[in-house]
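Trainee: As listed in Swiss-Prot for this protein:
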ACT_SITE  D265  active site
CARBOHYD  N187  N-linked glycosylation site
CARBOHYD  N237  N-linked glycosylation site
CARBOHYD  N299  N-linked glycosylation site
CARBOHYD  N343  N-linked glycosylation site
CARBOHYD  N441  N-linked glycosylation site
CARBOHYD  N510  N-linked glycosylation site
CARBOHYD  N532  N-linked glycosylation site
CARBOHYD  N571  N-linked glycosylation site
CARBOHYD  N586  N-linked glycosylation site
CARBOHYD  N638  N-linked glycosylation site
CARBOHYD  N661  N-linked glycosylation site
CARBOHYD  N743  N-linked glycosylation site
SIGNAL    1-18  signal peptide
Amino acid sequence: MRFVSLAVGAALLGAAGASSISSNVGLLKANGVALGNWEAAYEKASAFVSGLTTDQKLALITGSNVESANGNFTPLYFLDGDMGLQDFYYVSAFSLSSALAMTWDRDAIYEQAKAVGSEFYNKGVQVVAGPTSQPLGRTPWGGRGVEGFGPDPYLNGLATGLTTKGYVDAGVIPGGKHFLLYEQETNRTSSFGSSGEGSPYSSNADDKTIHETYLWPFYDAVKNGAGAVMCAMTKVNGTMACENSDLLMKMLKTELGFPGMVWPDMNGQNSAKGSALGGEDYGSSSIWSTSTMESFLSNGTLSEARLNDMAIRNLIGYYYVNLDNGRQPTRQTTDVYVDVRANHSKLIRENGAKSMALLKNEGVLPLSKPHVMSIFGAHAGPIMGGPNSNVDVMGSGPTYQGHLATGSGSGMASMPYLITPYDALTNKAAQDGTVLRWVLNDTYSSGGGSSLVPSSTSSTAVEPSFENFATGSDICLVFINALAGEGADRTELYNADQDAMVNTVADNCNNTVAVVNTVGPRLLDQWIEHDNVTAVLYGSLLGQESGNSIVDLLYGDVNPSGRLVHTIAKNESDYNVGLCYTAQCNFTEGVYLDYRYFDAHNITPRYPFGHGLSYTTFHYSSLAIKAPSSITKAPKGNLTVGGPSDLWDVVGTVSARIANNGTLSGAEVPQLYLGFPDSADQPVRQLRGFDRVELSAGQEAVVTFNLRRRDISYWNLKTQQWMVAGGKYTVFVGGSSRDLRLNGTFFLWVGS
């Protein structure tokens, strides 16, 4: 893609002509958005568009070549995803976003995004189809939750914003997705007979739910430089998301001040008129044909101002990340040897280890040169066909018969190689002189009771079974996974075969460690209280270095610091949101997802949101709160890219002292939760800050959390804006949503 002979002139959008839209809502300049550092990109984009004919503008917004007096433009190239480039050789396979979120590490999230972005840039790809904020994880049965950052909007939003910034700084356009309320695979394109033939389901939610939960992360994306947003293939409140003017023109482009383009997910664009007027900016030429669009212009259905706005939005992200400087390498075919991986394997290994949460440890970890170690489960070793075997989750089983380290569909990376736990443990055993045995499937058990050396022979051979290998082992490592992805939702939150394997091994091995990699919440209660299950490592999908990351944790080369981004329940019935099988999917739970629902109904989880152990211990003290005595009820700032300017103002701080009172260096993740006055109608408490602090044994540090206006605001349905409630706020600081070690209060007087 290149601009050549670009003539820059001053051209702004013209006044709106007659249109079926009653106002200029959603048009960039008509909104009065203070563009800030987007202004230069806007001027370049509008100058280029000013010299185009109607046909050329239509070519631009449908992804065709444009040749004009102002220069030539070749279409932007869009590609998945956050875990690395799809369909290319010589690229890296990174941790999935759900794993990255489990690091609770701002630097890790940003640095991975920048590394991913650099590989896109150097392969000649302009638009990353990401970050994937949503599916948020409304239901633990959702198939694509693994691709996102989890169901807490604050954590999801921060990770979405940091990922967006990483892509921008790498020189590519972030294309945040999926907008909006796309939370399951079931019936995403299916028909419902006479109730909606051929239509996807409709996600129905009120404004409070939308703003406080699902729209929240997109504020962060827009604020940090999103140049594109993908509208979902499903409906919202009865209208296709890509034709929904309330979502696209009102919320995204006006409330959030989004300056970039909206483009559709697969099957997201259904009609020419609906998508053009609803807020889509880039679409299919088969739907937006020249004759159709010209007829819309001539009869006043589509205004010239809206067409210009669409064209400018297609270009503004390109200029914003400076792709017009001519430095990006030309895109090659996928198999051409252009190695863009740099030293990203080191980053992938580090982030994978940072992301795994130690849920349980009764002194068995870290390992230290065990004499005899056995490993069990298909998840420990490679799949027969290699790491890039096609994974079609439609109709597949709920587990993966090999080491699961990347997603499927849009969430599947292009693996250059895969280090499995079997690979990494073999190397470690060779270094330590450990006898290593393995059964690399989930169901191989033919009875047992044999000792390490059978009496019938002088060989060390043992009939392979769970019982035989577990008996006589110093340590038993059992690897299990849970599979789901694009195209199919989950059918279970546990697996009978895998759970039986864990119990069988534990019945015969005093030190059984379970290692779990999963696409979403995975229930553990079939074996978690077994006396011989002495440790559990739990995480998401870690990418090409997965086995090394896991073994670094098992042996203590890395001290665990990962934290859960979802609640692990004791029973499936403890979760309040299941899959929807009807045409109308009503989000009647409102904002009460995950820990917010568990807290509201006083349900005891197996492991709470934010939980994770370390090989050392930490002490919390010295809570200090600095809050204003008064504040205006609503934001008064100008509309900027990312919403009202003062919505982002820091209005208070909370600090606490964290001390490592153990014997090993480690990282703690202190978390800030906030309880609102009753008048705000909010959950019991909500995450409103966190940090990851590395401390040597005996070291301590003061951690400070900034409270922004948006962090103490709620969405007022009557006034249709963010408001601050007056009254008492309760502050909690601790190691999880249930491990709250410090608390205090502050009062706010709210003026007009």
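Note that the numbers count up from 1, one per residue, in the order the chain is shown.
Just so you know, glycine gets a Cβ as well, placed from its N, Cα and C.
Help me see these features in their spatial surroundings.
Mentor: Mapped onto three states, the DSSP output places D265 (active site) in coil. A 10 Å cutoff on Cβ-Cβ distances gives D265 (active site) a total of 20 other Cβ atoms nearby, all chains included.
Same-chain residues at least 6 positions away in sequence with a Cβ under 8 Å from that of N187 (N-linked glycosylation site) are, in sequence order, P200, Y201, C580, Y581, A583. A coil conformation is recorded for N187 (N-linked glycosylation site) in the three-state DSSP classification, outside any helix or strand.
Proximity of N237 (N-linked glycosylation site) to non-local residues of its own chain (separation of 6 or more, Cβ distance below 8 Å) is seen for S202, S203, N204, A205, N244, D246, given in sequence order.
Within the same chain, no residue at least 6 positions away from N299 (N-linked glycosylation site) has a Cβ under 8 Å from its Cβ.
For the recorded site, N343 (N-linked glycosylation site), the DSSP three-state label reads coil. Around N343 (N-linked glycosylation site), no same-chain residue six or more apart in sequence has its CB under 8 Å from its CB.
Around N441 (N-linked glycosylation site), the same-chain residues six or more apart in sequence whose CB sits under 8 Å from its CB are G377, A378, Q401, listed in sequence order.
There are 14 other Cβ atoms within 10 Å of the Cβ belonging to N510 (N-linked glycosylation site).
For N532 (N-linked glycosylation site), the same-chain residues lying six or more positions away in sequence with a CB closer than 8 A to its CB are A506, D507, C509, N510, N511, T512.
N571 (N-linked glycosylation site) carries neither a helix nor a strand DSSP state and counts as coil.
Cβ neighbours within 10 Å of N586 (N-linked glycosylation site), excluding its own Cβ and spanning all shown chains: 12.
Other Cβ atoms within 10 Å of the Cβ of N638 (N-linked glycosylation site) number 13 in total over all chains.
In this structure, N661 (N-linked glycosylation site) belongs to neither helix nor strand by DSSP; it is coil.
Taking all protein chains in view, 14 other C-beta atoms sit within 10 angstroms of the C-beta of N743 (N-linked glycosylation site).
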Trainee: Please identify, among the recorded positions D265, N571, N638, the one with the smallest Cα-Cα distance to N661 (N-linked glycosylation site).
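Mentor: If we rank D265, N571, N638 by Cα distance to N661 (N-linked glycosylation site), first place goes to N571.
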Trainee: Fill in the CA-CA distance, D265 (active site) to N586 (N-linked glycosylation site), as an integer in Å.
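Mentor: Here the two Cα atoms are 22 Å apart.
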Trainee: Measuring C-alpha to C-alpha, could you say which of the glycosylation sites N586, N638, N743 are within 10 Å of N571 (N-linked glycosylation site)?
Mentor: none
Trainee: If you measure N586 (N-linked glycosylation site) to N743 (N-linked glycosylation site) at Cα, how many Å is it?
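Mentor: That separation, Cα to Cα, works out to 36 Å.
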Trainee: Could you tell me which three-state DSSP class N586 (N-linked glycosylation site) falls into?
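Mentor: Assignment for N586 (N-linked glycosylation site) reads strand.
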Trainee: If you run the three-state DSSP split on N441 (N-linked glycosylation site), which class comes out?
Mentor: coil
Trainee: DSSP on N299 (N-linked glycosylation site), three-state: which is it?
Mentor: helix
